[in-house]
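Input: a single structure, listed below in structure tokens.
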Amino acid sequence: MKVLVLGSGVIGVASAYYLAKAGHEVTVVDRQPAPALETSYANAGEVSPGYSAPWAGPGVPVKAVKWLLMKHGPLVVRPRLDPAMWIWMAQMLANCTSARYAVNKARMVRLAEYSRDLLRALRAETGISYDERSRGTLQLFREAAQLEATAKDAAILAESGVPHEVLDVEGCIRAEPALARVREKFVGGFRLPDDETGDCHLFTQKLAALCADMGVVFRQGVNIKALSVEGGRLAGASTDAGFLTADAYVLALGSFSPLLLRPLGLSIPVYPVKGYSITAPIIDEAAAPVSTVMDETYKVAITRLGDRIRVGGTAEVCGYDMTLRPARRATLDHSVGDLFPDGGDLTKASFWCGLRPMTPDGTPVIGPTRLSNLYLNTGHGTLGWTMACGSGRVIADIISGRKADIETADLAMSRYG
Ligand SMILES: Cc1cc2nc3c(=O)[nH]c(=O)nc-3n(C[C@H](O)[C@H](O)[C@H](O)COP(=O)(O)OP(=O)(O)OC[C@H]3O[C@@H](n4cnc5c(N)ncnc54)[C@H](O)[C@@H]3O)c2cc1C
């Protein structure tokens with residue numbers, strides 16, 4: 001079958017890989033000159049099934065007010081006259097119950113665990129390398145209340161059989177020796193030993209090269225302007241390189257996915273939530289993290305990527321605005337400067353932002369639509385790197401008419417009614 005994948009972020013490229021493996025004739029189209037130049041470019045680098053959880057949870061509305069008022073707070077809302085923004089925020093609130101949280105988290109962990117296993121298999125099969133490490137991730141708590149609040153997550157992880165450890169200060173230092181220098185700054189941590197780390201941009205580019213070897217055609221630098229429907233099917237995509245057609249289509253346009261679906265009468269609650277990162281060269285190995293340390297107070301992830309430290313975080317609800325705001329960088333500088341003061345050279349750091357394609361229930365939208373040949377693979381929010389291989393494989397299985405290895409019915413857009 002001829003399949004056109006719209007989008008060459010990590011999700012589009014992973015979809016293309018598994019579709020090509022399943023024997024399809026695949027073309028990928030994207031407006032950027034190369035794969036992974038938008039949200040998949042400089043994320044925090046965590047492949048973290050254990051940390052897979054929706055942002056919407058019990059107690060979050062109260063915490064959100066605190067975060068909005070905090071210096072270096074992890075959340076900023078810039079209200080706009082955009083109905084999609086307000087509807088999405090109302091849907092987030094509706095997901096802040098214990099019952100919804102448990103359903104959403106279990107669903108996310110299922111996909112993320114599957115995805116991490118596929119990533120390992122892909123490494124073994126292809127030898128792909130991307131500054132990866134398999135040394136777990138550590139959520140670091142500065143306050144005792146944060147440590148106590150992990151009990152619920154621990155229970156869900158235990159049910160799903162995901163290994164995890166609650167650590168005291170010494171335990172955290174055993175996992176991340178550089179933290180010995182700042183032991184007075186934290187009270188404990190929660191470690192997920194099976195989590196991994198790696199550079200998503202590097203991975204996507206190398207996977208795209210493997211795809212090209214398998215015959216996948218990449219049409220980079222092509223803007224998709226609109227999609228056309230005929231007789232309950234997608235007829236093709238109007239682009240600035242002409243009208244592109246295929247037997248089936250996978251829409252993987254990240255935060256921009258709802259914009260092309262809306263004129264077709266298809267509505268998915270995916271909204272952009274801006275995040276920022278800095279990437280600094282390591283100047284002292286012993287003072288740098290060995291894996292990811294998630295500074296829970298500021299919701300900032302500090303990750304070792306080869307000879308660099310990547311620091312990512314903050315959630316700015318501001319529509320499609322890509323302004324790089326110095327105040328947001330100050331939060332990242334503050335967190336890494338506090339926990340790993342001598343690890344990296346912040347004066348040489350690069351500064352970046354990207355739009356997380358967020359759903360209100362944290363779960364991506366993967367599966368069929370009411371148009372018989374249009375499939376979605378989008379809405380991966382905070383965890384697109386973690387969930388990429390699993391999402392790509394699931395969409396390839398669905399399009400190929402094969403039963404997927406994990407349950408997929410509750411990942412499709414039909415869950416929104
Ligand atoms: C600060 C930050 C930290 C993060 N940290 C992590 C992390 O540690 N772990 C993790 O798992 N995830 C993380 N994420 C989330 C992860 O980066 C995203 O979920 C993932 O990159 C989304 O991939 P995507 O392929 O869906 O979107 P994108 O990478 O944005 O790809 C979409 C593609 O569609 C193309 N496109 C859009 N519109 C058009 C059009 N009209 N015509 C042609 N092409 C178009 C774009 O050019 C782009 O290449 C983080 C995100 C941010 C912002």
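Cβ atoms here come from the backbone N, Cα and C positions, even for glycine.
Just so you know, TrEMBL annotations never went through curation; they're auto-generated.
Residues annotated as domain 'FAD dependent oxidoreductase' in TrEMBL: 2-397.
Residues or ranges marked as FAD binding site by TrEMBL: 3-17. Annotation for Val3 (FAD binding site): spatial neighbours Leu19, His24, Glu25, Val26, Thr27, Ala246, Asp247, Ala248, Tyr249, Val250, Ile399, criterion Cβ-Cβ under 8 Å with sequence separation of six or more. Secondary structure from DSSP puts Val3 (FAD binding site) in a beta strand.
When other Cβ atoms within 10 Å of the Cβ of Gly9 (FAD binding site) are tallied across all protein chains shown, the result is 32. Annotation note: Tyr17 (FAD binding site) sits in a helical segment as assigned by DSSP. For ligand 1, the neighbouring binding-site residues among Val3, Val5, Gly9, Ile11, Val13, Ser15 are Gly9, Ile11, by Cβ distance under 6 Å. Here the binding-site residues are Ile11, Val13; the one with the fewest Cβ atoms within 10 Å of its Cβ is Val13. In this view, Ser15 (FAD binding site) is surrounded by 33 other Cβ atoms within 10 Å of its Cβ, with every protein chain counted.
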